[in-house]
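**Q** The structure under discussion is supplied below as structure tokens; questions concerning it will follow.
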């Protein structure tokens, strides 16, 4: 298959279709990338009700409804990025959205927990297409400062979604059951598909497309895992994101079960989510002055300090700290988490410029798979207190610090393994 000949079923674009304006394009990309965040957080207030209706055995088992979606993301990230290079961006997104919508509809009518997990995996798998391809579409259409501006606006919206999604989910619960949330998610995916089809043009011309080859993915994975700096900071990112998954998975049990916040849960969850967003914006200002490595060291050091102090409080003073104290701790700790994401990914990508696209997909797959495993183990340790979460975050800070120290020692100006294919 040549680069000049579009793959079978590929979207060749419609040059007669009006080019979306700047605002419409930004809104569309923000809508697309936010699908997965909405699917994760909107249903958190409903986990308790879902567990009862589906007769889930064990209060921690409901956490798998969150974790399995991240697992689906890991597989989707490694597939849809390279696929979009062959078929065109829009066609690959259509496939992803079909999985996302179908998963939502199955989850809405599921009779048991096992089918629910399969449906959530489908949602994560399909939602990953929107997340990874939206970024590619921005790179296709804009360059330089214009690209930076668009990405900033899109990510600004994406950061706000975790803060408001639980409130949306809670509001839906007031007028319908938990199944209505999944209907809402399916409608959101359908609306996104319609917007993309009718208003957004194909951004990858036929002449720039590449044949899809499994060897390209495997060689990209090989390049990532055999480059010390890249795999080191990818592992570090997996540790950090694992802490986020552990918190999100157990958040409903902590706030509604342990602290009995009831319908106020979305407010507290949103406050903590906003601290991560504020950290991301703060990092964009500080990184030019202090550099990525110093900020990563500060972030990991901050997490270690706060978790060690909070762990000591629970062991020596009160095993059930007041709600206000936990919220302050979580906001401060996850602020430092928010400073790490962009920096760790950028540092891991430094040696991968020659295969940036496939390397980014491979890194995301590795770090997400690792973080799902870590986050699930910590989340499943929930015992009615926040001690397992605190201890887990403390351990992850130590592990991330050790990986960072080792990675920095291994940094060498050696040739980077080439991705063949």
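Cβ coordinates are placed from backbone N, Cα and C, and glycine is handled just like the others.
Curation does not apply to TrEMBL; its annotations are automatic.
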**Q** What range among 181-200, 201-220 does TrEMBL record as transmembrane segment?
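**A** Feature transmembrane segment in TrEMBL: residues 181-200.
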**Q** Looking at the transmembrane segment (64-84) and the transmembrane segment (121-138), are there 3+ C-beta pairs under 8 A, with each pair at least 6 apart in sequence?
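**A** These two stretches do touch.
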**Q** Does the transmembrane segment (385-405) come close to the transmembrane segment (150-175), meaning at least 3 CB pairs under 8 Å for residues 6 or more apart?
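**A** These two stretches do not touch.
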**Q** Would you mind giving the whole-number mean pLDDT across the domain 'Major facilitator superfamily (MFS) profile' (23-409)?
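**A** Here the predicted model's pLDDT, averaged over the domain 'Major facilitator superfamily (MFS) profile' (23-409), is 89.
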**Q** Report, as numbers and ranges, which residues of the same chain sit near the transmembrane segment (121-138): CB under 8 Å and 6 or more residues beyond its ends.
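**A** Distant Cβ neighbours of the transmembrane segment (121-138) are 29, 32-33, 35-36, 39, 68-77, 79-81, 84, 89, 92-93, 95-104, 106-107, 147, 150-151, 154, 185, 189, 192, 200, 203-204, 357, 360-361, 364.
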**Q** Same chain only, please: residues at least 6 beyond the ends of the transmembrane segment (221-245) with a C-beta under 8 Å from a C-beta of the stretch. Say none if there are none.
**A** 66-67, 70, 296, 303, 334, 337, 340-341, 344-345, 347-352, 355, 359, 362-363, 365-376, 378-379, 392-393, 396, 399-400, 403-404, 406-407, 410-412, 416-419
**Q** Sequence-remote contacts (6 or more beyond its ends) of the transmembrane segment (323-344), Cβ cut-off under 8 Å?
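**A** Distal contacts: 233, 236-237, 240-241, 243-244, 247, 254, 259, 261, 268, 271-272, 275-280, 282-284, 287, 292-293, 295-296, 298-300, 302-303, 306-307, 310, 313, 386, 393.
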